[in-house]
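Notes follow once the structure below has been shown.
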Amino acid sequence: MQKGHVLIVDDESSISATLEGILADEGYEVSKADNGIQALEMVKSFPPDLILLDIWMPGMDGIEVLKAVKEFQSDLEVIIMSGHGSIDTAVRATKLGAFDFIEKPLSLESLLSTINHALAQQRLVRENLELKKELIRKHEIIGESPAIVELRRQIKSSLDSNKNILITGENGTGKELIGRLIHSETSRRKKPFIKVNCATISEATLESQLFGFEDQNSQIGNIYKMGKFELAEGGTLFLDEVDKININTQKNIMEVLESKKMIRVVGKRVIPIEFRLIAASNKDLSEEVKLGNFDPDFYQLLSEIAIFSPPLRERKDDIPLLANYFMKEFCEEYGKKTKEIDDEAMAALTGFNWPGNVKELKNIIERLVITVPLTKVSYNDIPAGIKGENKETLNYRFEGYSSIDEAHTAWEKEFISHYLKKNEWDLGKTSQAISMGRRVLERRIKALGITMGKAKSPDRKRQRTLKTSVVLCGQGLHSGLKTGLILIPQPPNSGIKFGNISTGETIPALLDYVESTEFATSLKRGKNQAKTVEHIMAVLHTYRINNLLIKISDEVPIMDGSAKDFCELIEDSGIQEQDDHIEEIVIDNVYSVGDISNHGKYISIEPAPEFSVNYIMDYPKPIGHQEFRFVLKNEEDFKKKIAPARTFCFLKDVEALEKKGFISGGRLNNAILLDEEKVLNTELRFPDEFARHKILDIIGDFYLLGKPVRGKITARLSGHSDNIALLSKIKKLC
């Protein structure tokens, strides 16, 4: 059984032939192209699953091929090969969507591993897309109200036609999903569905986005970018918020629709095109025509078939069907037992007007699935802004009780249940919150028939990686030269690893591989090094990222001496929860390094319910005495209080630092520079910025145990060497 179809694009025939033989022996179907134009033609006529792409080729180079491939088929994985690589090239390729960047001469083991990872990631993405398409095809139009019956009729009548469609309706009524459903039910379903949100693209760039761009006079050859019209060839083009398009562009689009031909911006060649146009708007376009905001001829062309998506308030009979469907869907997605919405809670949902329509209802149901621990959703679980005091709810609540005693019992059950949930089912905290003795509370829980939920274990959480690869450029602390890093998601139980961008060799981010700790924490394995890892490790510790490959040259960029850029990088990618779990390291005793009794240099850790660091420092002027305590509660707190704190050094130490290989690039703008009296080169971000930065270093160093830590750290005048010494003492707990 073949593992997948790989296209090799390289102008060196000997390399192509060697790769072809290796991959064919491994069970892959292999195609070859010796230039970019030929590769693009093959991608369009016989799309592969993965491309091995040489970056340096005559004519259209690898970067331009990569751009064109990703615009044509975004889920096609591309691995860049280069014999003259640099961090700049690797960063650029990754930003454009390359899965990875590997150096020639190629390591067979590394190459096959990278291909396997790329195809596994692609299969996951495609499976998710297929599941979404299946949901759209079978389940999207839910309801039996007259308004939905009419909507289904309109959709069905549009399927046997190629006429343009205009879908109107309020935000959240599912206009895009109607468009996707129509696409999936026609002969165009195997062709692309290309969406353009006209509200998010400026007038200056919208035409180049739609028509594409071409420059035949470039010194490096023919440069072109395919527009959305070409990408939608044979399929469907969905223009969302079409009312945001200016009238001049409306006329140009109209000309394309009527002639079925187009010319790229700055281009000359006439290109035939064919697609079905579906447009959507939350405005009445006939009124926009009257106001002079919309071209009347364009409106007539768009509305050859008109479909109206009704607001949820006009089909309230469908709310129970929708709510139960979304409840089942999200329970399956989050791996929870199916929850039931009781009659009183459903009455509250039905009585609400839902200004955000189906989208808002779906979001509320998802929140209930996540936050309600029991298998029944009650009225008390419904957000206050939703349940309000609508007529349906009041009627149900009043008529449901036959006596004042019955009503009081029901209220007491809701009241106690509310505080139990609020305090995560902790009886001690709940009894304090409602001023009721614990034994009395236990009796009332039993008498009222309250089913106790279970709080999640704080020391066993799901593993995490990033959603997608991201890149960052900066300067090295050691060399002062431009460097960068690429963060690549990894499967569960991979751990954090630093990889050399040239050789592909990796170093686990673990205590056993620490080499240098005097001014920064560095790792070494064989000839491979990863310098100044503490700031990125602090961010990964805080965001609980457990599985990640960090590709660098040999040092992590120092940026401005803080960790704030690394926080933004993680958030740009997004975090992916994984199926496997990881346990925290729970400190069971007091461990210390240094002289605690005489207020000397020391660091200690002791048992505590959370991870915290209290740092004390007494330095000469201009630092003086500083003390700061930080409790690691969440990422936002870390971003505000710790991540912005920067590296610092005294001017008198610069010469010694240079001898040790630090700041040897001659740049001191990535550290706070001090003399005996003042800060020389910047304004401080916090009065106690130096103590905060020491906490940043400790959070990073402590993640070299490979797991999050729970314990209280107290430190005075300590540095990286002391941190590592303490880690060595508590390593046995891992």
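Placed from the backbone N, Cα and C atoms, the Cβ positions cover glycine too.
Any TrEMBL annotation is an automated prediction that lacks curation.
For the domain 'Response regulatory' (5-119), the mean pLDDT of the prediction comes to 85. Annotation source TrEMBL lists domain 'Response regulatory' at 5-119.
Around the Cβ of Asp54 (4-aspartylphosphate), the number of neighbouring Cβ atoms within 10 Å comes to 23. The 4-aspartylphosphate feature in TrEMBL is assigned to Asp54.
The domain 'Sigma-54 factor interaction' annotation in TrEMBL covers 141-370.
Annotation comment: TrEMBL describes His535, His693, Asp697 as Zn(2+) binding site. Cβ neighbour count for Asp697 (Zn(2+) binding site): 25 (other Cβ atoms within 10 Å of its Cβ, all protein chains included).
Sequence annotations record features per position, and here TrEMBL assigns active site, proton donor to His720.
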Those recorded positions, out of Asp54, His535, Asp697, that come within 10 angstroms of His720 (active site, proton donor) at the Cα: Asp697
Cβ neighbours of His693 (Zn(2+) binding site) where a neighbour is any other Cβ within 10 Å: 25
His693 (Zn(2+) binding site) - helix vs strand vs coil (DSSP): helix
Among His535, His720, the one of these recorded positions whose Cβ has the fewest neighbouring Cβ atoms within 10 Å: His720
Other residues, Cβ within 8 Å of His535, His693, Asp697 Cβ centroid (Zn(2+) site): Glu534, Ala538, Ser562, Ala563, Ala645, Thr647, Lys694, Ile695, Leu696, Gly700
